[in-house]
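Enquirer: Quick one: structure below, then a few questions.
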Amino acid sequence: MKTNRRCRALLAVSLNLMALLFSTTAFITTHWCEGTQRVPKPSCGKGKKTNCLNYSGNETANETSQNVVHYSWETGDDRFLFRYFHTGIWYSCEENINAAGEKCRSFIDLAPASEKGVLWLSVVSEVLYIMLLVVGFSLMCLELFHSSSVIDGLKLNAFAAVFTVLSGLLGMVAHMMYTQVFQVTVSLGPEDWRPHSWDYGWSFCLAWGSFTCCMAASVTTLNSYTKTVIEFRHKRKIFEQGFREEQNFLDQEAIKYFRERTEEERAEAGDLRLQCLHSCSPN
C-alpha cells in the first residue's frame, strides 16, 4: 500500500510541476494569438526601394524592381502588405515593414475601454492560478518527502487537492476571459492593429495544457486520498470483525469455564452435605 501511495504522489507532483511550468511560460510569452495584419504599403523613397508605392512614376532605370508598385488611382491595385503579428497577455508584437525586427506595444493599451476591467481580472486570475499551483506543489512535495505519518500525509494530501482544484478553476476562467477580450479587440481595437486573419498560438496551447495537467494532478491527488481512506476503513473493519470474533470466543470460553466451576462447586457442596448427614445421624 505504501508503494502505491508513493507512486500516486510522485505522479501528482510531476503533473503539478508540468502545469506550473506551462502556465508560467504561457504567462510571460506573446504567442497566445497570431496571424497577419493588412497594412498600406509605404511610399517609395531614397531609403525604401522595395515593397512600396511609387506615386510619382518618376523612377530611374537602375531603381526598377518588381517589388516597386506603380500606384494606379483608378484600380488601387497592390496597395497593401500583410505583416505577421503575435499577441500575449502583456504585449502585441508585429513585423516592422520599414526595418528589420519587430515592434511591440502594450496589449492592455490596445484593448477597448469596456474590456480593460475584464483583461485585468484575467491577469489577476492568471497570477492567482500560478500562486495556487505553487502552494499545491509545495504541499505535494511535503506529503511525498517529509510526511512522518500516514495521518499527516492524508491531511497534506487533502489540502493539496483543494488548492489544485481551485487553481484549475481560476486558470480556466482566466483563459476564457482573455479569449473574450482578444475577440472584442479584434472587432473594436485600433484600425492600425486589427488582424486580417488570426488563430491561436503555442502559448494558448500551453495555457490549456497547463489546465489539463492541473486537473489531472488534482484528480490523482483526490484518488490517492480516497484510496488511502478506503484501505484504512477496510483494514479497520477487518480488525474490528476479528476482535469481535475473538471476544465472542473468549466470552464463550469464560462462560463454559464458570459453568463447569459452578457444577463442580455444586457437586462438592452435595458431597459435603451427605458427609455431614452421615456423621450427624445416630447409630
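Every residue gets a Cβ built from N, Cα and C, even glycine.
Pulled these features from TrEMBL for this protein:
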type     : residues : note
SIGNAL   : 1-26     : signal peptide
TRANSMEM : 127-146  : transmembrane segment
TRANSMEM : 158-180  : transmembrane segment
TRANSMEM : 200-226  : transmembrane segment
Enquirer: What else in the chain is close to the signal peptide (1-26), if you only count residues 6 or more beyond its ends and a Cβ gap under 8 Å?
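Expert: Sequence-distant neighbours of the signal peptide (1-26): 32, 126, 129-130, 133-134, 136-137, 140-141, 143-144, 153, 157, 160, 164, 171, 203-204, 206-207, 209-214, 216-217, 220-221, 223-224, 227-228, 231.
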Enquirer: I need to check the long-range neighbours of the transmembrane segment (200-226): which residues 6 or more away from its ends have a CB within less than 8 Å of a CB in the stretch?
Expert: 5, 8-9, 11-13, 15-16, 18-23, 25-27, 29-34, 86, 88, 133, 136, 140, 154, 157-158, 160-161, 164-165, 167-168, 171-172, 175
